[in-house]
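Reviewing the structure listed below.
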Amino acid sequence: MPPRRYNPDDRRDALLERINLDIPAAVAQALREDLGGEVDAGNDITAQLLPADTQAHATVITREDGVFCGKRWVEEVFIQLAGDDVRLTWHVDDGDAIHANQTVFELNGPARVLLTGERTALNFVQTLSGVASEVRRYVGLLAGTQTQLLDTRKTLPGLRTALKYAVLCGGGANHRLGLTDAFLIKENHIIASGSVRQAVEKAFWLHPDVPVEVEVENLDELDDALKAGADIIMLDNFNTDQMREAVKRVNGQARLEVSGNVTAETLREFAETGVDFISVGALTKHVRALDLSMRFC
């Protein structure tokens, strides 16, 4: 019987709801960085080299294979700059595999606006597509196992929900969104609370329907967390023999998450121990942007 407090769909639903609020704010902040602190396409002095009434058609092409992500951010960039004056034609959707030299979308509208929004739009789509592409690679390495890939809170400041959305597009799943939707009890929480049991019992009392996860560093701490009734137990820097022993001891009474020393080389080995989740901070912390470019036609 799965732990009663944990529903893996809750985090996805919460993210998709919150992101509707976050996208306009994130785009506005990015545009203000380019436009002297305000969202005004007229502040782009280089774009003023073109006549105001010049119309243009542009294409955005990927230079390498990957997974596309960022459609709504691109749309929001041009909505904020020019309302409905820019028309976007999409050839892909978020989560689609893309291939080198493929046209992913086209733009038609005022040339000044296309140039002003180019870098901001590409910054979002290259970053998010880069994350989605790496996640898809990791998910492929887990094929045939029962282990699910999770992200973490190790995200670029200001882009938490965007990066976690990219993880979903790549086929991964979300760990907690922040500090309000799940308990994650670590060493210092335990010391301050007095014991694992006291910390877990207090968490259940405060928020009975919120999942409680406990991080452990050895098998004795695992036993304590299990006896306390933790929903999820995070195995921090366990070796594979310890992971197998943890799976045996828990025997389905809680879910097990592996964290620490996870790379593309170790991922499969860790999954084959039988753990439920592997969380990888590098997915949203060490971001390699996918190579896309915009060209006027």
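We count from 1, first residue shown onward.
Any Cβ shown, glycine's included, is placed from N, Cα and C.
Under the heading blocked amino end (Pro), Swiss-Prot lists P2. The feature substrate binding site is assigned by Swiss-Prot to R119, T152, R153, K154, R176, K186, E215, D236, S259, G260, N261, V280, G281, A282.
Shown here: features listed in Swiss-Prot, placed on the structure.
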{"residue": "R119", "record": "substrate binding site", "Cβ contacts under 8 Å, 6 or more apart": "D34"}
{"residue": "R153", "record": "substrate binding site", "Cβ contacts under 8 Å, 6 or more apart": "R160, H175, R176, G178"}
{"residue": "E215", "record": "substrate binding site", "Cβ contacts under 8 Å, 6 or more apart": "L184, I185, K186, E187, I233, M234, D236, S259"}
{"residue": "N261", "record": "substrate binding site", "Cβ contacts under 8 Å, 6 or more apart": "N237"}
{"residue": "G281", "record": "substrate binding site", "Cβ contacts under 8 Å, 6 or more apart": "D151, T152, K154"}
Checklist outcome for this item: Row R176 (substrate binding site), column other C-beta within 10 angstroms, all chains, value 20
Item to check | Where R176 (substrate binding site) falls in three-state DSSP terms | outcome: coil
Item to check | Three-state secondary structure, R119 (substrate binding site) (per DSSP) | outcome: helix
Item to check | Per DSSP, three-state class assigned to N261 (substrate binding site) | outcome: coil
Checklist entry - If you draw a 10 Å sphere around the Cβ of S259 (substrate binding site), how many other Cβ atoms fall inside it, taking every protein chain shown into account? => result 20
